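> Here you go, one structure.
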Amino acid sequence: MRYLTAGESHGPQLTTIIEGLPAGMPLTEEDINQELSRRQKGHGRGRRMQIEKDAVLILGGVRHGLTLGSPVALAVENKDWSHWTKIMGQGPLEPDSSEEVKRQITRPRPGHADLNGALKYGHRDMRNVLERSSARETTIRVAAGAAAKKLLSFLGIELACHVLEIGGVKAEPPAYSSLSELRERTENSPVRCFDPIAERQMMDRIDEAKENGDSIGGIVEVIAEGMPPGIGSYVHFDRKLDAKLAGAIVSINAFKGVEFGIGFEAARKPGSLVHDEIEWDAGQGYTRKSNRLGGFEGGMTTGMPIIVRGVMKPIPTLYKPLQSVDIDTKEPFAASIERSDSCAVPAAAVVAENVVAWELASAIAEQFSSDRFETLRESVENHRRYAREF
Ligand SMILES: Cc1cc2nc3c(=O)[nH]c(=O)nc-3n(C[C@H](O)[C@H](O)[C@H](O)COP(=O)(O)O)c2cc1C
Ligand SMILES: C=C(O[C@@H]1CC(C(=O)O)=C[C@@H](OP(=O)(O)O)[C@H]1O)C(=O)O
């Protein structure tokens, strides 16, 4: 499966065209809207989230609630566009345009894409960069991920996400008996955290950062249960599924690192305390006594839960801006201030869950015959049976 996205943060809409969803799969706007609304929540976001009420339009590829096998086209309108029609207008700039419309952004923000993007494409007005480098684009990626998540749900594969750390406040590792319990416990948390004591401290830390004109980052975790074993491949570097997940996580705006299972801790432990011993029983087939490697060996799933974490750096736009250089005058200046979030880690957890869902669904669609939804479902079931008896 593949998809592309288009659209600017303050343009009319965000768009995606998805290719490769099997034909005959139930899919509704409501399925996608649930994920979009999860992404909009979270303590620490700026005023933009009060303006937007993200809702998807299915514009192609679905008929009477079922996918057709043709490309699925989705769009999410930007409500904020109505305030930006002149600044973001698509026609040529009129000579008599107002100063506000003509004003260029020439002071790059350290940590954002402004300067590198301007250099790369030759934009003297860095609005041309920030409009597309904005994480507003993650809205439509979540829409694509929601379609993938729907496919996974029919195959008995479930996902959840939660926040482990914000601004140095670490949550206790969550204790849950099922992913639905984890989801219930974190869904209404303003910071998507399982631990109520850490939740309060995280919120205080976000408020403090905001009062100081600063920003903070954190760590999110995504868990996927029910993936059959042997999905992905060891035979080529670009078929390794853990590598695809790592790429997907680091592709989220402001994500700088990724780990699976015990992750970087593996560097400090002997092999006997890292590798997961193998067992077999007739009911479950091959399982592991532990899941320290987070569900992957050799670029393939082990059948154990997939546990992947991503680290998000603090938001670059600061109300107390850092020093930068004006690209017109070359004089030192404080960077531009755009309206901004002070912490978006809870929202980013939902983005992470959805980009992981996309990679898992793509790997399944690639490995099995996937033109028809029913055939795919049967193939995955046959594979599970085969793996149990292997
Ligand atoms: C959900 C979400 C919301 C974000 N909100 C902002 C924001 O309000 N202001 C900002 O400067 N950066 C924000 N970012 C981060 C920037 O988009 C990101 O730092 C920028 O695109 C540069 O990319 P890089 O940090 O990956 O190098 C957000 C990121 C995410 C995932
Ligand atoms: C719009 C979203 O996030 C935006 C991501 C973002 C950035 O620079 O990445 C900057 C802000 O945009 P604005 O300047 O319009 O407030 C965030 O609000 C969103 O998540 O839907």
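Cβ from N, Cα, C; glycine included.
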> Determine which of Arg103, Arg107, Arg339 appears in TrEMBL for the same FMN site as Arg132, Ser133, Ser134, Asn253, Ala254, Gly298, Lys313, Pro314, Ile315, Pro316, Thr317.
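Matched candidate out of Arg103, Arg107, Arg339, per TrEMBL for FMN with Arg132, Ser133, Ser134, Asn253, Ala254, Gly298, Lys313, Pro314, Ile315, Pro316, Thr317: Arg339.
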> Just how spread out is the FMN site if you go by the largest Cα to Cα distance in Å among Arg132, Ser133, Ser134, Asn253, Ala254, Gly298, Lys313, Pro314, Ile315, Pro316, Thr317, Arg339?
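Maximum Cα-Cα distance: 44 Å.
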> Enumerate same-chain residues with a sequence separation of six or more from Thr317 (FMN binding site) and a Cβ-Cβ distance below 8 A; give 'none' if the list is empty.
Arg109, His112, Ser215, Ala335, Ile337, Glu338, Ser340
> Among the binding-site residues Arg45, Arg132, Ser134, Ala254, Ile315, name every one whose Cβ is found under 6 angstroms from ligand 2, counting any of its atoms.
Ser134
> Tell me the coarse DSSP state (helix, strand, coil) of Arg132 (FMN binding site).
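Once the DSSP labels are grouped into three classes, Arg132 (FMN binding site) ends up as helix.
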> I need the CA-to-CA distance for Ala254 (FMN binding site) versus Arg39 (NADP(+) binding site), whole Å please.
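A Cα-Cα distance of 16 Å.
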